[in-house]
Structure formats: structure tokens, C-alpha cells
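> Would you mind keeping the following structure in view while I ask a few things?
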Amino acid sequence: MRLAVFASGSGSNFEAITKAAKSGMINGSVEVLICDKQNAYALKRAEKLGVPAYVFQAKEFESKAAFESAILKKLEENQIELIILAGYMRLVGGTLLSAFEGRILNIHPSLLPAFPGLDAVGQAMDAGVKVTGVTVHYVDAGMDTGPIIAQEPLKIYSGDKKEVVQKKIQQVEHQLYPEVIQYVIEELSGRV
Ligand code: GRF
């Protein structure tokens with residue numbers, strides 16, 4: 001299956017997914033990286049991994065629909081079948097949602113519906129919860145609200161620094177996301 005990853009920042013999940021696809025763990029290939037930030041580190045990773053990357057900056061378009069139509073054109077040119085959001089810091093709008101209905105995934109660093117939105121790890125630690133985790137879900141028009149596909153819990157021990165929890169969360173993400181992507185690919189291919 002032909003995949004597009006969308007990222008705005010570091011792109012560590014993008015790298016993990018691309019490597020999983022290259023190793024055959026995911027029955028698909030990351031054909032393009034779509035990035036909305038010119039200076040995102042994800043772009044450097046794309047270069048190293050040999051994945052074509054395209055930057056679309058929302059401010060250069062007159063509307064969200066125009067912005068997403070430009071992205072959609074690139075996705076169609078590359079015959080993309082599944083969109084993987086990985087640290088894409090933008091709500092997906094109607095143009096992409098209707099073109100890719102049921103074919104957009106996101107990963108979020110909490111056990112949704114707890115702690116949606118920005119800095120989910122910080123939110124969890126401020127709330128004093130002892131278990132947080134990672135969620136992979138289908139994307140709808142809301143913020144971190146689509147149907148949940150999989151979750152993995154992670155314990156927070158007293159005295160854990162935020163950086164430590166953040167690092168453990170990322171390790172969980174890099175393991176979980178490729179597994180769930182492979183599951184969804186099998187499901188979409190009608191083999192489950
Ligand atoms: C991840 O924690 C992901 O759950 C959230 O944004 C972060 C992206 O990290 N949506 P990276 O850019 O993949 O390193």
C-alpha cells in the first residue's frame with residue numbers, strides 16, 4: 001500500500017514507520033513526506049531516508065481548502081492510499097477528510113479521550129496520573145477525537161522527570177504505530 005506521512009516537527013515517528021516499511025514489517029511503502037514547516041527536522045530525516053518531501057505552508061494559501069487541495073493533488077500524483085499523521089500539528093479539514101474517508105490515522109501521546117491537544121505528556125503529569133500511554137486512532141474533524149484503533153499504557157513512577165516519560169512514550173510510539181499501520185493495511189486489503 002502506498003503511504004504518505006504528514007509531519008510538522010522532529011519526525012521520529014516518520015523515521016520509525018519508514019524503516020518498518022523498508023524492513024518489510026509494514027506491507028507498504030512511504031512514498032512521500034508532507035510537511036507544513038519549512039525548517040522541520042523531519043525534512044532532514046526524509047533526505048537521509050530517501051523519501052521525497054514536499055512542504056506546504058498554510059500561510060501561502062488563501063484558504064484551508066486551497067491549502068488542502070494542493071496537498072491532495074500531490075497525494076493523487078503519487079497514488080497515495082493511506083495518510084499517516086505523525087506529529088502533524090494541524091486539524092485536517094473537509095477536503096482531505098472526504099477524499100480519504102477512513103484512510104487517515106493519527107498517533108497521540110496519551111490514553112485518549114484523556115489529555116487531547118498540545119503537550120499531552122505535560123497534561124498527564126500535571127494531573128498526577130500514574131498511567132498514561134499512546135493512542136492510534138482514525139482521524140475525524142475534531143482534535144484527537146476519531147475512533148480509537150489501539151492503545152498502549154505506560155506507567156508513570158513518582159519522581160519521573162518529564163523528559164524521561166516523554167522518551168518512554170516515544171519508544172512506545174515507534175513500536176506501536178508501525179504495528180497498527182500494518183493492521184490497518186491488512187484490514188483495508190480485506191485480509192483480516
Ligand atoms: C508524537 O509524540 C506524536 O504522538 C504527537 O506528536 C509527536 C511527534 O513526534 N502527535 P515526532 O515528530 O514523530 O518525533
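Even glycines carry a Cβ here, placed using N, Cα and C.
Keep in mind that TrEMBL annotations are predicted by a computer and have not been checked by a curator.
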> Going by the (6R)-10-formyltetrahydrofolate site in TrEMBL, where LYS64, MET89, ARG90, LEU91, VAL92 are listed, which of the candidates ASN78, ASN106 is also part of it?
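Answer, per TrEMBL ((6R)-10-formyltetrahydrofolate site with LYS64, MET89, ARG90, LEU91, VAL92), from ASN78, ASN106: ASN106.
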> To see if you understand the setup: which same-chain residues, six or more apart in sequence, place their Cβ under 8 Å from that of SER12 (N(1)-(5-phospho-beta-D-ribosyl)glycinamide binding site)?
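Listed in sequence order, they are ARG45, GLN170, GLU173, HIS174.
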> What whole-number Å value do you get for the CA-CA distance of ASN13 (N(1)-(5-phospho-beta-D-ribosyl)glycinamide binding site) and HIS108 (active site, proton donor)?
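Between the Cα atoms of ASN13 (N(1)-(5-phospho-beta-D-ribosyl)glycinamide binding site) and HIS108 (active site, proton donor), the distance comes to 11 Å.
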> Rounded to whole angstrom, what's the largest C-alpha distance between any two of LYS64, MET89, ARG90, LEU91, VAL92, ASN106, listed as binding (6R)-10-formyltetrahydrofolate?
19
